[in-house]
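Colleague: Have a look at the structure that comes next, please.
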Amino acid sequence: MARAPALTTGLHPRFHDRNPGPDGPRERDDPMIKSIPLALAVLAGAATAATAQETPNLTIYTYDAFAADWGPGPQLKEGFEAQCDCIVEFIAADSSIGALRRVQLEGDTTDADLIVGLDTAIAGEARQTGLFAEHQLDLDGLSLPETWTDPTFVPFDYSHFAFVYDEDVVSEPPQSFEELIDRPESFKIAIQDPRSATPGLGLVLWIKAAYGDDAAEIWEGLAPHVLTVTSDWSESYALFLDGEADMVLSYTTSPAYHVFDEDDHSIHAAMFEEGHLAQIEVAGVLESSPNKALAREFLDYLASPGAQAVIPTTNWMFPVVDLESELDPSFSDLQQPSSTLSIAGEEITANRDAWIDEMLNALN
Amino acid sequence: MAPPMFESRHSARASHLPHRPKRVIIASTLAVLIALLIAGLFANILVTAASTTGGTLRTDIWHLVRMTSIQAGLTTVLSIAIGIALAWALNRLRFFGRDLVIGVFAAAIVTPGIVVAFGMLSIWGRSGWINSATTYLFGESIGNLAFGLWGIIFAHLILDATFAARILLERLDAIPAARLKIGQSLGLSPWQRFTIIDWPAIRGSVPGLAAVIFLLAFTSFPIVLLLGGGPANQTLEVAIFAAVRQQFDLLGAVHLALVQILVCSLVILAAAARPPVPISTGVSTGQNWHDRGPARLLQWGVLGLGIAGFLLPLLAVIFDGVVADLADVLTRPTFWRAATTSVVIGLSSAALTLILALGLGLGRAASARRTLRLGLGLPVFAYLAVPAVVLSLGFFLSVRNLGIAPAEAAPIVVIIANALLALPFASATLGPPLEGLVQNKAKLIRSLGLNSWQQLRYIELPLLRREVGVVLALAFCFSFGDLGVIALFGTQDFQTLPLMMYRALGSYRSDDAAVIAALLLVATILAFIALPRLFERLLDARS
């Protein structure tokens, strides 16, 4: 894609991978080549599966940014493998909710033992699928905006949704949805599809929490400013970094990355007067997994200080345990919203579809 | 997928055809197998949909059909208009590189949509070439024109208007020299020449061509996925993908699929009486009677704009690919694995397409009964209307319901699905000449007493070597650039180049995507040009 040179230099490596590991997070034989001998082996009755029993494999479906070389995936894999005598495989589905859909599609044939990267907004629906097993962990020690009581999902990070901008491009960011709507039509935002990406769903809820029955009007006002609705957060963020959009739906913590990794202090989250909605990202064990004990061990590890220390500077979200001085200073200067909005989980589960329809209709 | 149209009826098919019962049996078996396969896939989707909860059917289907029809209608009208103008200009003008331009236009039909969409962003995006140029020259950006309805239509035009131009150019080239001579001696003006000589020559091809383009645009997948800008601009194909992949709404997906099949079937039936549209890859001879004055100027203008509009995005793709870190991608094992997968799948599905098209076509040509011939033609068309995403979903669920992990079956399924998707084009290219050949050579075959195999070996394959090569090239390129089928089956272990590129785009690796796009583009065009020639030579040497 053609990019203005000035922008290219400003790219965050997370977004502009300078040193992509050769093979991404997971490496296995090409099934194209594998499947033929495999078919032959099955015909011949050969037990190719025998070797698979030696070291258990833990397969984790997640979203793209989590599994990427620069994401938390590789370090968590290393950290957990050091204690589990197993092999961890992160598999990037199209998007966060896409990982759930993929497990639904694959049914009992799924390879996945765990899904990492859903959030509290989709958790209700995920629970209803009956695909998840309880975590059975004691999570009293966590430090979260709310007390954690969910028996199925384990939280692993949180942040507030926010629109992120570059002060060199947008000198005066809008300070509310209404101000954003009043901008000229050439002011573009990139957002995510609420059906596939948790931040996309988060925006629907955020606007609902702030405007209630007037949410549809806000969406109609936003419609001309929406450059595109991508299925995954990464794609939107790439468009923003490529200069195609003025703002992108992301998190209040996103600017930390640019400070930490590039010493770039020009990326900020716009603070909206309406207040911001928080997202808590969660992980869950699949009922169909043959390795549920191992999977629960991973969840325990994920919420432990060891794994939590990895999260802030790889996933650019707040940890769910108090890291104290270990939390990178790039997080301490972040602007935080003056007020936090929230919607009850049951209300989300009951109305999610209707609210998404409201948004889709406004954009049509 | 575009439809080959029914070929015109040979009403009095003489009983002088060589007796080939085995060919008819083979063709009938293939036809039944394909029909059963498609029915089985649908049954599997319905069974799974019935057994899952959810499935809310909330999609506003009529809105979707309306929007898709508007998009496809605009694409069709503009493609035909631009196609006629381009064919007209190319038919009259002689210039250095004309053969190359025509060759590249012919390859437009197989250019992967994802590559074109990428080129569109490079040229028309906010930080693309056009905006950089206007910002530099006038200090003003014209905004992002690559997204939304017009972005989709423009990307479609790049593929379809050039495709139309190539087909119509062939019609113009075929105008008999005697006709041109009379016209020239009558001193027809350029306009009279167009209306009196050119228009009657191309008129017959327009409805069939329009139907093909409408169906291509109506079922468009990667371009709409990338440039649609989300839910506002979708095709049914993308909506089906979203229903499956984002909402796990299988029942909704089935409903959308049925609507798409209905609309496509109507278009196919409407165009069924028209002559089929074979793919042209031959050399254009052009004409020696040049127009003069403003008409000639207009021709140069049309050609210049056409080449700029068509070639700029593709040049941008190659340029971006070369500027990006080519070596970095080329030294990556994942790239080579994806490339190998793509080539193996492309070649396998090309071979399968040829076998199916030959099997069905030979049987059809050998049978004298009208109903049987219709029956043997149907599976090809039935497949045409079935959305690739639905086909893929059907395969996915069938495999899963058999208790096999979809990843294990993926390679075979992707090969079969792509072969079926290329079959309509293959049949349109191979069918009519096969029929003609049997008619013309029936006497010779009977007097030589050739058996079925000898007939194929010594008569049909050598004489149809060019068409066979074109079918292989078409099927290879379609499958090589496919995103619709692989999108559901792809995993990190099993990916083709288009899927790898789509993923790179979704994960900030724009540079990787640029390199893959450039390589996809070059490989597709090379394959499309080289495979027919290679095959022609191979079969030539054998006979």
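From the backbone N, Cα and C atoms, a Cβ is placed for every residue, glycine too.
Those TrEMBL annotations? Automatic predictions, nothing curated.
Pulled from TrEMBL, these are the listed features:
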{"type": "TRANSMEM", "residues": "B:24-50", "note": "transmembrane segment"}
{"type": "DOMAIN", "residues": "B:65-272", "note": "domain 'ABC transmembrane type-1'"}
{"type": "TRANSMEM", "residues": "B:70-90", "note": "transmembrane segment"}
{"type": "TRANSMEM", "residues": "B:102-125", "note": "transmembrane segment"}
{"type": "TRANSMEM", "residues": "B:145-169", "note": "transmembrane segment"}
{"type": "TRANSMEM", "residues": "B:209-230", "note": "transmembrane segment"}
{"type": "TRANSMEM", "residues": "B:250-272", "note": "transmembrane segment"}
{"type": "TRANSMEM", "residues": "B:297-319", "note": "transmembrane segment"}
{"type": "DOMAIN", "residues": "B:339-532", "note": "domain 'ABC transmembrane type-1'"}
{"type": "TRANSMEM", "residues": "B:339-362", "note": "transmembrane segment"}
{"type": "TRANSMEM", "residues": "B:374-397", "note": "transmembrane segment"}
{"type": "TRANSMEM", "residues": "B:409-431", "note": "transmembrane segment"}
{"type": "TRANSMEM", "residues": "B:468-490", "note": "transmembrane segment"}
{"type": "TRANSMEM", "residues": "B:513-535", "note": "transmembrane segment"}
Colleague: Top stretch among B:24-50, B:145-169, B:209-230, B:297-319, B:513-535 for CB pairs under 8 A with the transmembrane segment (B:70-90)?
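Modeller: The stretch I would name here is B:145-169.
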Colleague: If we call contact 3 or more Cβ pairs under 8 Å (sequence gap 6 or more), are the transmembrane segment (B:513-535) and the transmembrane segment (B:209-230) touching?
Modeller: no
Colleague: Considering only the recorded stretches B:102-125, B:209-230, B:297-319, B:468-490, state which has the highest number of Cβ pairs under 8 Å to the transmembrane segment (B:339-362).
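Modeller: Looking at each of B:102-125, B:209-230, B:297-319, B:468-490 in turn, the most contacts to the transmembrane segment (B:339-362) are made by B:468-490.
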Colleague: Cβ pairs under 8 Å only, please: of the recorded stretches B:102-125, B:145-169, B:209-230, B:297-319, which one is richest in them relative to the transmembrane segment (B:468-490)?
Modeller: B:102-125
